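Here is the structure we will look at.
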Amino acid sequence: MALPNQQTVDYPSFKLVIVGDGGTGKTTFVKRHLTGEFEKKYEPTIGVEVHPLDFFTNCGKIRFYCWDTAGQEKFGGLRDGYYIHGQCAIIMFDVTARLTYKNVPTWHRDLCRVCENIPIVLCGNKVDVKNRQVKAKQVTFHRKKNLQYYEISAKSNYNFEKPFLYLARKLAGDQNLHFVETPALAPPEVHIDIADQQKNEAELLQAAAQPLPDDDDDIFE
(Lines of atoms letter the chains of each structure in order from A; the text may use other names.)
(Lines give C-alpha, C1' and ligand atoms only; values in the text may rest on other atoms or scores of the structure.)
Protein backbone atom coordinates (compact mmCIF):
# COMPACT_ATOMS: atom_id res chain seq x y z
CA MET A 1 0.00 0.00 0.00
CA ALA A 2 1.31 3.45 -0.85
CA LEU A 3 2.18 5.56 2.15
CA PRO A 4 -0.22 8.38 3.00
CA ASN A 5 2.63 10.91 2.81
CA GLN A 6 3.99 9.53 -0.42
CA GLN A 7 2.35 11.90 -2.89
CA THR A 8 2.59 15.16 -0.96
CA VAL A 9 5.43 16.61 -3.02
CA ASP A 10 4.56 18.76 -6.02
CA TYR A 11 7.05 17.05 -8.34
CA PRO A 12 7.14 13.52 -9.81
CA SER A 13 7.63 10.75 -7.24
CA PHE A 14 7.93 7.00 -7.65
CA LYS A 15 7.87 3.96 -5.39
CA LEU A 16 11.17 2.09 -5.77
CA VAL A 17 11.38 -1.37 -4.21
CA ILE A 18 14.82 -2.76 -3.40
CA VAL A 19 15.12 -6.54 -3.06
CA GLY A 20 17.84 -9.15 -2.71
CA ASP A 21 19.25 -11.51 -0.11
CA GLY A 22 20.03 -10.25 3.39
CA GLY A 23 23.53 -8.82 3.77
CA THR A 24 23.94 -7.74 0.14
CA GLY A 25 24.16 -4.06 1.12
CA LYS A 26 20.69 -2.74 0.27
CA THR A 27 20.37 -0.64 3.43
CA THR A 28 23.95 0.62 3.19
CA PHE A 29 23.28 1.66 -0.41
CA VAL A 30 20.11 3.63 0.39
CA LYS A 31 21.69 5.30 3.42
CA ARG A 32 24.45 6.86 1.33
CA HIS A 33 21.93 9.53 0.29
CA LEU A 34 22.03 11.76 3.37
CA THR A 35 18.78 13.67 2.87
CA GLY A 36 16.85 10.45 2.36
CA GLU A 37 18.39 8.98 5.50
CA PHE A 38 17.45 12.08 7.50
CA GLU A 39 13.83 12.05 6.28
CA LYS A 40 13.14 8.30 6.31
CA LYS A 41 9.89 7.04 7.81
CA TYR A 42 9.07 3.65 9.29
CA GLU A 43 5.92 1.90 8.07
CA PRO A 44 5.07 -0.57 10.87
CA THR A 45 2.21 -2.37 9.11
CA ILE A 46 4.63 -3.78 6.54
CA GLY A 47 7.84 -3.46 8.54
CA VAL A 48 9.82 -1.32 6.12
CA GLU A 49 11.77 1.90 6.17
CA VAL A 50 10.90 4.32 3.39
CA HIS A 51 13.65 6.71 2.33
CA PRO A 52 12.64 9.69 0.16
CA LEU A 53 15.58 10.21 -2.22
CA ASP A 54 15.49 13.42 -4.27
CA PHE A 55 17.48 13.95 -7.45
CA PHE A 56 17.80 17.10 -9.54
CA THR A 57 17.48 16.64 -13.30
CA ASN A 58 17.48 18.91 -16.32
CA CYS A 59 13.70 18.39 -16.36
CA GLY A 60 13.23 19.30 -12.69
CA LYS A 61 13.31 17.53 -9.36
CA ILE A 62 12.22 13.90 -8.94
CA ARG A 63 11.81 11.72 -5.87
CA PHE A 64 12.23 7.99 -5.37
CA TYR A 65 10.51 6.59 -2.31
CA CYS A 66 12.95 3.76 -1.63
CA TRP A 67 11.38 0.89 0.26
CA ASP A 68 13.97 -0.94 2.35
CA THR A 69 13.05 -4.31 3.87
CA ALA A 70 14.84 -3.64 7.17
CA GLY A 71 16.26 -7.19 6.98
CA GLN A 72 12.97 -9.08 7.09
CA GLU A 73 13.90 -11.10 3.97
CA LYS A 74 16.20 -13.13 6.24
CA PHE A 75 13.09 -14.66 7.83
CA GLY A 76 11.39 -15.81 4.63
CA GLY A 77 9.86 -14.15 1.59
CA LEU A 78 8.53 -10.62 1.52
CA ARG A 79 4.82 -9.98 1.69
CA ASP A 80 3.00 -8.71 -1.38
CA GLY A 81 2.35 -5.42 0.42
CA TYR A 82 6.02 -4.61 -0.03
CA TYR A 83 5.74 -4.86 -3.82
CA ILE A 84 2.23 -3.47 -4.45
CA HIS A 85 2.24 -0.17 -6.37
CA GLY A 86 5.97 -0.52 -7.02
CA GLN A 87 6.85 1.57 -10.09
CA CYS A 88 10.50 0.55 -10.44
CA ALA A 89 12.93 -1.79 -8.71
CA ILE A 90 16.53 -2.63 -7.88
CA ILE A 91 17.58 -6.26 -7.34
CA MET A 92 20.86 -6.44 -5.46
CA PHE A 93 23.39 -9.23 -5.01
CA ASP A 94 26.85 -9.37 -3.46
CA VAL A 95 29.70 -10.15 -5.86
CA THR A 96 31.60 -11.76 -2.96
CA ALA A 97 28.80 -14.24 -2.18
CA ARG A 98 27.85 -16.60 -5.00
CA LEU A 99 24.56 -17.71 -3.46
CA THR A 100 23.18 -14.15 -3.51
CA TYR A 101 23.54 -14.14 -7.30
CA LYS A 102 22.02 -17.61 -7.65
CA ASN A 103 18.96 -16.30 -5.78
CA VAL A 104 18.45 -13.34 -8.15
CA PRO A 105 15.99 -15.28 -10.40
CA THR A 106 13.77 -15.96 -7.37
CA TRP A 107 13.70 -12.28 -6.41
CA HIS A 108 12.95 -11.35 -10.01
CA ARG A 109 10.09 -13.84 -10.18
CA ASP A 110 8.53 -12.63 -6.91
CA LEU A 111 8.83 -9.03 -8.04
CA CYS A 112 7.32 -9.59 -11.49
CA ARG A 113 4.46 -11.62 -10.04
CA VAL A 114 3.15 -8.44 -8.37
CA CYS A 115 4.70 -5.64 -10.44
CA GLU A 116 4.38 -6.30 -14.16
CA ASN A 117 6.41 -4.41 -16.73
CA ILE A 118 8.28 -2.04 -14.45
CA PRO A 119 11.88 -0.94 -15.11
CA ILE A 120 14.34 -3.04 -13.10
CA VAL A 121 18.05 -2.59 -12.44
CA LEU A 122 20.26 -5.47 -11.31
CA CYS A 123 23.16 -4.32 -9.11
CA GLY A 124 26.25 -6.31 -8.17
CA ASN A 125 27.45 -4.70 -4.94
CA LYS A 126 30.79 -4.77 -3.07
CA VAL A 127 33.01 -4.55 -6.15
CA ASP A 128 35.57 -2.82 -3.90
CA VAL A 129 36.28 -6.19 -2.19
CA LYS A 130 39.25 -8.12 -3.59
CA ASN A 131 38.06 -11.73 -3.25
CA ARG A 132 35.27 -11.49 -5.77
CA GLN A 133 33.28 -14.73 -6.21
CA VAL A 134 30.98 -13.66 -9.05
CA LYS A 135 33.09 -12.43 -11.96
CA ALA A 136 31.74 -9.75 -14.27
CA LYS A 137 31.58 -12.17 -17.21
CA GLN A 138 29.49 -14.60 -15.12
CA VAL A 139 26.67 -12.09 -14.65
CA THR A 140 24.21 -13.01 -17.41
CA PHE A 141 20.76 -12.92 -15.80
CA HIS A 142 20.10 -9.31 -16.85
CA ARG A 143 20.65 -10.23 -20.49
CA LYS A 144 18.13 -13.06 -20.30
CA LYS A 145 15.47 -10.80 -18.79
CA ASN A 146 16.40 -7.55 -20.52
CA LEU A 147 17.36 -5.74 -17.32
CA GLN A 148 19.99 -3.05 -16.86
CA TYR A 149 23.06 -4.14 -14.87
CA TYR A 150 25.51 -2.00 -12.91
CA GLU A 151 28.49 -2.90 -10.77
CA ILE A 152 28.40 -0.79 -7.62
CA SER A 153 30.20 -0.30 -4.34
CA ALA A 154 27.85 1.23 -1.79
CA LYS A 155 30.60 1.94 0.75
CA SER A 156 32.74 3.85 -1.76
CA ASN A 157 29.79 5.54 -3.58
CA TYR A 158 31.03 3.98 -6.84
CA ASN A 159 28.26 4.17 -9.47
CA PHE A 160 25.75 5.26 -6.81
CA GLU A 161 23.74 7.45 -9.18
CA LYS A 162 23.64 5.12 -12.18
CA PRO A 163 20.69 2.91 -11.14
CA PHE A 164 18.63 5.99 -10.27
CA LEU A 165 19.48 7.75 -13.53
CA TYR A 166 18.54 4.69 -15.58
CA LEU A 167 15.21 4.34 -13.76
CA ALA A 168 14.48 8.07 -14.02
CA ARG A 169 15.03 7.97 -17.78
CA LYS A 170 12.78 4.94 -18.16
CA LEU A 171 10.01 6.42 -16.02
CA ALA A 172 10.21 9.79 -17.79
CA GLY A 173 10.48 8.19 -21.23
CA ASP A 174 13.42 10.51 -21.94
CA GLN A 175 16.89 9.11 -22.67
CA ASN A 176 18.32 12.65 -22.62
CA LEU A 177 17.35 13.24 -19.01
CA HIS A 178 20.40 13.77 -16.82
CA PHE A 179 21.25 14.78 -13.27
CA VAL A 180 22.37 18.39 -12.93
CA GLU A 181 23.43 18.23 -9.30
CA THR A 182 25.04 15.54 -7.17
CA PRO A 183 23.02 14.62 -4.07
CA ALA A 184 24.72 14.90 -0.68
CA LEU A 185 26.31 11.49 -0.10
CA ALA A 186 27.96 10.07 2.99
CA PRO A 187 31.76 10.18 2.67
CA PRO A 188 33.32 6.98 1.28
CA GLU A 189 34.10 4.35 3.92
CA VAL A 190 36.37 2.43 1.54
CA HIS A 191 38.23 3.28 -1.63
CA ILE A 192 37.84 1.31 -4.81
CA ASP A 193 40.71 0.32 -7.10
CA ILE A 194 39.52 2.08 -10.24
CA ALA A 195 42.03 0.28 -12.51
CA ASP A 196 40.76 -3.09 -11.29
CA GLN A 197 37.17 -2.07 -11.74
CA GLN A 198 37.83 -0.78 -15.26
CA LYS A 199 39.01 -4.31 -16.10
CA ASN A 200 35.73 -5.69 -14.74
CA GLU A 201 33.72 -3.20 -16.79
CA ALA A 202 35.70 -4.19 -19.91
CA GLU A 203 34.99 -7.85 -19.12
CA LEU A 204 31.28 -7.01 -18.93
CA LEU A 205 31.38 -5.43 -22.37
CA GLN A 206 33.18 -8.44 -23.84
CA ALA A 207 30.71 -10.84 -22.23
CA ALA A 208 27.78 -8.90 -23.69
CA ALA A 209 29.02 -9.80 -27.16
CA GLN A 210 29.09 -13.54 -26.39
CA PRO A 211 26.15 -15.95 -26.75
CA LEU A 212 24.27 -16.58 -23.53
CA PRO A 213 24.97 -19.86 -21.70
CA ASP A 214 22.05 -22.29 -21.59
CA ASP A 215 22.00 -22.39 -17.82
CA ASP A 216 23.40 -20.06 -15.18
CA ASP A 217 24.49 -23.07 -13.10
CA ASP A 218 27.17 -23.85 -15.70
CA ILE A 219 29.04 -20.64 -15.06
CA PHE A 220 30.19 -21.59 -11.57
CA GLU A 221 31.54 -25.04 -12.42
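Even glycines carry a Cβ here, placed using N, Cα and C.
Of the given residue ranges 20-36, 71-87, Swiss-Prot assigns the label region 'Switch-II' to 71-87. Feature annotation (Swiss-Prot): of 40-48, 103-111, 139-147, 193-201, the stretch labelled region 'Switch-I' is 40-48.
In three-state terms derived from DSSP, Lys126 (GTP binding site) belongs to neither a helical nor a strand segment and is classed as coil. Here the binding-site residues are Gly23, Gly25, and the one with the most other Cβ atoms within 10 Å of its Cβ is Gly25. Cβ neighbour count for Thr27 (GTP binding site) (all protein chains, 10 Å cutoff from its Cβ): 18. Residues within less than 8 Å, Cβ to Cβ, of Asp128 (GTP binding site) and separated from it by at least 6 positions along the same chain comprise Ser153, Lys155, Ser156, Tyr158, Val190, His191, Ile192, Asp193.
Mean per-residue pLDDT, taken over the region 'Switch-II' (71-87), amounts to 79. Residue environment of Asp21 (GTP binding site) contains 21 other Cβ atoms, counted within 10 Å of its Cβ in all protein chains.
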